[in-house]
Amino acid sequence: MSSDQEMAIFGEAAPYLRKSEKERIEAQNRPFDAKTSVFVAEPKESFVKGTIQSREGGKVTVKTDAGATLTVKEDQVFPMNPPKYDKIEDMAMMTHLHEPAVLYNLKERYAAWMIYTYSGLFCVTVNPYKWLPVYNPEVVTAYRGKKRQEAPPHIFSISDNAYQFMLTDRENQSILITGESGAGKTVNTKRVIQYFATIAVTGEKKKEEPGKMQGTLEDQIISANPLLEAFGNAKTVRNDNSSRFGKFIRIHFGTTGKLASADIETYLLEKSRVTFQLKAERSYHIFYQITSNRKPELIEMLLITTNPYDYPYVSQGEISVASIDDQEELIATDSAIDILGFTNDEKVSIYKLTGAVMHYGNLKFKQKQREEQAEPDGTEVADKAAYLQGLNSADLLKALCYPRVKVGNEFVTKGQTVEQVTNAVGALAKAVYDKMFLWMVARINQQLDTKQPRQYFIGVLDIAGFEIFDFNSLEQLCINFTNEKLQQFFNHHMFVLEQEEYKKEGIEWTFIDFGMDLAACIELIEKPMGIFSILEEECMFPKATDTSFKNKLYEQHLGKSSNFQKPKVVKGKAEAHFSLIHYAGVVDYNITGWLDKNKDPLNETVVGLYQKSSVKTLALLFSGAQTADAEAGGVKKGGKKKGSSFQTVSALFRENLNKLMTNLRSTHPHFVRCIIPNETKTPGAMEHELVLHQLRCNGVLEGIRICRKGFPSRILYADFKQRYKVLNASAIPEGQFIDSKKASEKLLASIDIDHTQYKFGHTKVFFKAGLLGLLEEMRDDKLAQIITRTQARCRGFLARVEYQKMVERRESIFCIQYNIRAFMNVKHWPWMKLFFRIKPLLKSAETEKEMATMKEEFQKTKDELAKSEAKRKELEEKMVSLLKEKNDLQLQVQSEAEGLADAEERCDQLIKTKIQLEAKIKEVTERAEDEEEINAELTAKKRKLEDECSELKKDIDDLELTLAKVEKEKHATENKVKNLTEEMAGLDETIAKLTKEKKALQEAHQQTLDDLQAEEDKVNTLTKAKTKLEQQVDDLEGSLEQEKKLRMDLERAKRKLEGDLKLAQESIMDIENEKQQLDEKLKKKEFEIGNLQSKIEDEQALGIQLQKKIKELQARIEELEEEIEAERASRAKAEKQRSDLSRELEEISERLEEAGGATSAQIEMNKKREAEFQKMRRDLEEATLQHEATAAALRKKHADSVAELGEQIDNLQRVKQKLEKEKSEMKMEIDDLASNVETVSKAKGNLEKMCRTLEDQVSELKSKEEEQQRLINDLTAQRGRLQTEAGEFSRQLDEKEALVSQLSRGKQAFTQQIEELKRQLEEEIKAKNALAHALQSSRHDCDLLREQYEEEQESKAELQRALSKANSEVAQWRTKYETDAIQRTEELEEAKKKLAQRLQAAEEHVEAVNAKCASLEKTKQRLQNEVEDLMLDVERTNAACAALDKKQRNFDKILAEWKQKYEETHAELEASQKEARSLGTELFKMKNAYEESLDQLETLKRENKNLQQEISDLTEQIAEGGKRIHELEKIKKQVEQEKSELQAALEEAEASLEHEEGKILRIQLELNQVKSEIDRKIAEKDEEIDQLKRNHVRVVETMQTMLDAEIRSRNDAIRIKKKMEGDLNEMEIQLNHANRMAAEALRNYRNTQGILKDTQLHLDDALRGQEDLKEQLAMVERRANLLQAEIEELRATLEQTERSRKIAEQELLDASERVQLLHTQNTSLINTKKKLETDISQLQGEMEDILQEARNAEEKAKKAITDAAMMAEELKKEQDTSAHLERMKKNLEQTVKDLQQRLDEAEQLALKGGKKQIQKLEARVRELEGEVESEQKRSAEAIKGLRKHERRVKELTYQTEEDRKNILRLQDLVDKLQAKVKSYKRQAEEAEEQSNTNLSKFRKLQHELEEAEERADIAESQVNKLRVKSREVHTKIISEE
């Protein structure tokens, strides 16, 4: 463990990587009992922490940390590790290793956001679902060069270890990042690439063309990810950024460890996502990035909108992802394209093709009238798509609707149905996108290939994770198979190879079987006769279906392989056909469409248009595709393409996967396991069972165990000796030879380590985990000691040298000092002075001579210097010019030398090519001669066949006579058959489904036992489901019949309304008129309310008792009123009561809002699911029960209110003592309340005076405790008295006819109360201030209660209307079960009246009360939105009903689906009804509160009368009272205005609701009509089908009599049966898909709120990610600036070079003239060479194609099963033969079609034997067609093929003679033989022509080669001359220098 200071280098990432030192100390000091602290198994959490309490009889009692006590077995208790192992970084170091220890270690680290943990030799990472600062640049720097044990676990550590291993071991490395989908593999892959691009940066740009390069190699490597993610990643159910393709990124390094280049291999892009997505998923990111409008110029260029919903291909699921900012991602993608060096044209092409794919989804086609042919439904979309692809829109539409098909010798247009065209468009869109993606990968690889020397690479693997969806198809099988192979690779590497290594090295080791072998599942998928093998085999048969594929799978594997199972049928889940047991779980697969996906066909006519597109990129994408036009033109290389084009998707996938596994096996792997912590993507949450499942599947525990038990580290003896000899050099004697193994043994024995931690093998020494790290530390310490000693020696030596210098300097100083002292002593001596004076004079004469001489020499030197300077300047100028000349000559010589070298190489290549071509010409010549012989043989055969055909013609004439008779006799029946065929074509699906079950049962006995069981299971399942649903319907009907007569009457009334729905418009107008005439409706509603109230009183006997109790309480209140004398105290209590009521009202309002939400949710569900109306059959009886429950709730509420009031009295008594403290709070409350009435300033002054008065009143409260108690009792009892108003209101409605509505009555009552209060306040001014606030509070409470009451009444009315509407819909589905029409009419009349009464009563409740304006506006808006949704749903329903007209038999299944939905919604209805009952209880509670508030007003009035005595004391407040009255009048007016506004808003909302009800009724009417129409059409279709069956039987009998074709009819039945089975499977899949979509929609609706919360979290993550991207963008911009500066420098250098070049050209004109001739000759030589190279490359291409096809033919010949296939393989050599055989095949097909028109399907099946021969000939023709170009080069093999062909012709002739016995077969074969004879004639003629042509070509090629030889000789001579001249120039330059 490192200290906090050492962790500081990691910056802000330190807390997320390792525990702090303080935390480690706390963990070590934490109390811990190793004997009692355990993990215990627990059902919910898997394992929990606990403490052992006792052990008895093999049982252990454990108390968990949560306080629960568990008693479990001994083996369910696991010991806990000491606290110091908490959050341990390497789980292999744990004391106790078991599942709970690993789980909790990961959980605790994850809770601390330490997402990386070592698990032995590999690393485990947990997806945090949030951004963490652990990938910053300082973290990268901190991990660089660190050993694994020196730094915390991290993906950077794994990457650095791989990098260091590559450098030290000189071995390729790979990093395998695996895990399930959504585990974080893609993010970790990007981090690995980021690390390598940072630490191995080259810092240099590649030398590319200007404008083509925008970044360094490391920038390009990093930028490849955003581009690939944009086009290859998408949102799935489990992952917002899921890689929908696999990629293996190889990063190549040079010898020094610097980046050299990189390349990317991709695997299996999920093409189907382009055109189809599930609801919770979306397509590839690029589509939504473009439509994000971040770059408006793209929107304009691509002719698209910014709304993805305008494009069906990309809007089938979700269109936005909270965690992804599509706008910013678009900028990153666009920048990546630029950085990766795409040209501007390529970039525009990428966007255009992407936009074209989006437009493809909008292409519409319709069926021509009276034809099945499809035609375009508008050309606007096609024009846009064609424009973007550089095509002609008319040609595109024509190619889609009328593709060209080759028939015989000609091309004909083929008609397409709408479905076929739609499928073709989808296939083209997927193909364009897939090919564009692969091209982008190839371009990226081309850009990343720097041509620098590279030695080793590190591969990073990122593939799609293991996927288990509700609907799993072929893509999921491929993905899961890849993960299975990788897991097997991991298991084999970790467990098998590791232990085999121990055995091989002779280490004592017991083999441990970890049970992790996945071979069974892998072999089941890929081995011969496995799933892929069977799939490819089925793709080879044209009539194969999904059903036949499934049957073969069952036959081959069901019951034979334990990993292959039959899926379980789960209600609500998509249909599955088989299940596989993978290592990560059981996956159910649906095989629908697998054959088409595997074959991946395309419209060849459209492909031909693509190849001619003006968009070069599109033409390039499809340049290698083979089309029909290309075949017609005889394009060369067509044979190769045709021979290799039929490669299935699964075969290509397996080939790529095998290459990947080969690459991985050749590297040293490093494993990173990614874990999903939870399914909800919640940060910090971990689901124990989910994580444990992944740990078990990934072999984490086993990997830790093998790491702990085994010896994961190993090193060769010689390397060990060399590296660790320094630990103890004395252990290895010097000067004598010693074996490396013995030296290693001695060395290890002499070191102080645990000797059980290593073993000696034959060639290596093996170490336990951690020991090698310990040795490294010891080595580092030893090296540190040695270096320290060396440094000490060096420092000592340097010090001694310095000391010696100091000694020498001191001796020199002593000598100088001695001489100076001696001089000082003698310098004043007289003789010395004389000596000083004379000595200079002695040399003066000589000095003068020397000076004169020196002056002369100086002058000469000066002159010479001037001359030399002038000369030097001349030489310098000349040197500069010569240097320029030299440089230019050097450049020229260098270019000439390079040109000479190139010319020499090309000459050598030409010579070699010449030799090769000569040999090839000889071979071709020989083959041409053989071809001539073959042609002669073919001519003889042709004559022989002509004789045979003449005989066959005679037979044909006889057959024609017979057929003419037959046709005359069946002419009458033929017309009937045609009519029936036309009708059955229109009803193809219906007839197929009706006859399918019968045919399936008839033919089931001819199937194997498994097929029989499968069919019976299907039939039984459907029958049981249908029976069960019918039984459920019967039970529901029985239960409804047992209900009360009232409910039956109401249901009959609703059934009657079905007939009346046709007059719905008139009823809606009547209802609207009634609403507009408010007075008339109010009177009616008052009468109906009286009826309802009387009914309620009859049904609620206990309610009467409650009213009696209310009256008693009222009498008691009257007695208490007389005793109230102290009103001043009542103010405080009233305020307290007000606050309590306010809180209660808030609670009620919250519940009302929740109830309103539930109500709106119920209405929304009713509108969105019209079928759910039938689920509400019991609604009205629940409404009646609701009244009974309301009565009981009232009784309970009364008792609760009494108890509550008692509790309030006690509370108030206790509160009394605290009134002094609460005085200030009351003052603030008074201020707040007054501020709501008038301005703050006026209210403040009044309330201050009132507060002073209240303070006086509070002082008096102490002496009036009893009076306060009575007052409290009075106030609390008022609620009981107000409850009596409920009964009184019903009577008041009859008594007060003058009242217009309940709202006006309340208004008048409030007005009277206000006026009375005004009079009382004028008379009683003293009491006014005390009561004014109480009055205001009471009125406010009344308003709130009234509003809540109104809301409850409105909610109740809405529920009643919704229930009535629902029941009316429910009744519609019951009409077909009613038989007694007359009785139903009478009952419906009575029930209609009752229902109208109840409807009017409900409307009266709505109109009688006010509602909050804001709430109604929101409700109105919400209802409008819901109605719009309902209209959309109705349109979809109508479409579904129209589809039902074509799918009569499917009606029962749809009915079962609706019944299932009925059960689900019925449960929801019950829940809603429970809520309605609770709301009813709350409703009565609100009514009582409202009445209590009114009673409080009356009580206050009486109290004001009692306070008249105090008027004299309050006279001084009269003026204030007047102001208060004025304020109250304003409040009154304001309240009245608000009431009028609310009433108007209510009326508008009510009108809106009634309008919506009218819409719903109209919809119901239309639905009922549609359903009745469906029933009628079903009956008609049944009759038509019966008639068709009878006619068909007669026709078949007639034809059997005339043609004796019973066998053919039986075969026809077999074919129809298979077709019916396929249709049945398709309909079952559609039904299951519909069920799944419905269930998914319901789940999405319920989970919306949770998703919104998750969205906020994702938004936060996205914001943080955006900040990261901004930082990265800034860094990229800085890099770009640096690159721009470098570019400018290069440009300056280039300009300078250009100027130098121009100067050199001027100075070297003479030299240019001499070299010009050489240039001219060289140029001509180069042109000649290029021409030769072109010719040779063409020849080489043709030779390579021929050789390749020869190898293919040899392989196919070995694999051939039948003689026909063998013959087909060997006849590929005959080009012309195959072309004419193709035309013959097409003619034969046309002939077959003509015969099919004259004969029915039975006759066609009778000719099945002939069709087999046709199929063989067709296969032979197709294969012959692919080998056209190889004819001339494989003549020897052609002879053998012709001989076999002769044998085959004899066999065919013999077969023909046998077929003559059968008239119909003979007719078909005769026609084919005629066509074949004609074809052979043309074939022989054209073969002769082709042979002559080829001979002429060969002679021409020989002549050209001779000329090439001459040119090569000339070139050689010219090269020699150039060499001589270059040497002369070079010698001249050297001599000049």
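Every residue, even glycine, has its Cβ placed from backbone N, Cα and C.
Annotated by Swiss-Prot as region 'Disordered', the relevant range among 354-375, 970-991, 1124-1145 is 1124-1145.
Non-local contacts of Ala183 (ATP binding site) by the CB criterion (under 8 A, 6+ apart in sequence, same chain) comprise Asn127, Gly465, Cys674, Ile675, Ile676. Summed and averaged per residue, pLDDT over the domain 'Myosin N-terminal SH3-like' (33-82) gives 88. The DSSP breakdown of the region 'Disordered' (1883-1913) into helical (H, G, I), extended (E, B) and coil residues amounts to 31 helix, 0 strand, 0 coil. The record gives Gly179, Glu180, Ser181, Gly182, Ala183, Gly184, Lys185, Thr186 for ATP. Within 8 Å of the mean position of their Cβ atoms, the other Cβ atoms in that chain belong to Asn127, Asn239, Ser242, Gly465, Cys674, Ile676. Comparing CA positions across the modified residues Thr64, Thr69, Thr417, the one lying closest to Thr186 (ATP binding site) turns out to be Thr64.
For the recorded site, Thr186 (ATP binding site), the DSSP three-state label reads helix. Ranking the recorded positions Thr69, Ser181, Thr417 by how many other Cβ atoms lie within 10 angstroms of each Cβ puts Thr69 at the bottom. The two recorded residues, Thr69 (phosphothreonine) and Glu180 (ATP binding site), show a Cα separation of 36 Å. If you take the Cα of Gly184 (ATP binding site) and the Cα of Thr64 (phosphothreonine), they are about 33 angstrom apart, rounded to a whole number. Cβ neighbour count for Gly182 (ATP binding site) (all protein chains, 10 Å cutoff from its Cβ): 22. Here the recorded positions are Thr64, Gly179, Glu180, Gly184, Lys185, and the one whose Cβ sees the fewest other Cβ atoms within 10 Å is Thr64. In this structure the alpha carbons, written CA, of Gly179 (ATP binding site) and Thr64 (phosphothreonine) are 32 Å apart. DSSP gives Ser181 (ATP binding site) a coil state; it is part of no helix or strand.
Listed in sequence order, the binding-site residues from Glu180, Ser181, Gly182, Lys185 having a Cα within 10 Å of the Cα of Thr417 (phosphothreonine) amount to none.
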